[in-house]
Amino acid sequence: MTRDQAREKVIFALDSSEFAHVQYWAETLSDRVGMFKVGKQLFTACGPATVRMIQKFGGEVFLDLKFHDIPNTVAMASLEAARLGVKLFNLHALGGYEMMARTVEALDKEFKGGERAKVLAVTILTSSTEETLRQVGIESPVEEMVVRLATLARKAGIDGVVASPREIPLIREACGPDFLIVTPGVRPAFAALNDQKRVMTPAEAVRAGGDYLVIGRPIGDAPDPAGAAEMILDEIMAG
């Protein structure tokens, strides 16, 4: 794997609500990561201008808003996300088949088969455990729910999923090699686990078949963020 190929796999999570931070990170990391993740906090605070700022510096965007509502509302919100020119955005697979299928239908109609944002379905959050699921009435094991939701998403026409790296082999077996897998459960050897339970190192996640790796605090909290990003690329390349 080349360094450019490794770089394309890394998505830096912008864990901030300050617009000035967006410009700083876009300038600092645009040549060291493949994409920037804009989540709920940042997008709520700063809006679409966040996406445009990243694009101004040549960066690609993963809009991580995890849409989950009635089908028409999610489809219309998804159109607005795609019109911003983001590369990836997501919704919750727990919203069901109709919600996901209506979203894909709306996007295909809008973009008429041309290039558009890829839609990802969130399966089970990486902070969740089987006890967490039982507390909300889901008795199935985490792995079983992940595969069930990923399969449902693929059937609805969704482009891929967001899932823990430890579920990658199960998803690959159920959904095939062309189904995108984006994993936030990644921590390099030099970083603490924080609040995510089901994790792997970047090299392990890539070996397992992950297409994109979402990494935030191990880069953003490092004394030398650019250096931390380079260390992660080194680890991916070393395999």
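Yeah, the Cβs are placed from backbone N, Cα and C, and that goes for glycine too.
As given in Swiss-Prot:
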- Lys66: active site, proton donor (ACT_SITE)
- Asp15, Lys37, 64-73, Thr126, Arg187, Gln196, 216-217: substrate binding site (BINDING)
Per DSSP, three-state class assigned to Leu65 (substrate binding site) = strand
May I ask you to report the DSSP-based helix, strand or coil state of Asp15 (substrate binding site)?
-> coil
May I ask you to report the DSSP-based helix, strand or coil state of Pro71 (substrate binding site)?
-> helix
May I ask for the distance between the residue listed as 'active site, proton donor' and Gly216 (substrate binding site), taken between their Cα atoms and rounded to an integer number of Å?
-> 17
Among all the protein chains here, how many other CB atoms are within 10 A of the CB of Thr126 (substrate binding site)?
-> 23
Cβ neighbour count within 10 Å of Pro71 (substrate binding site) | 18
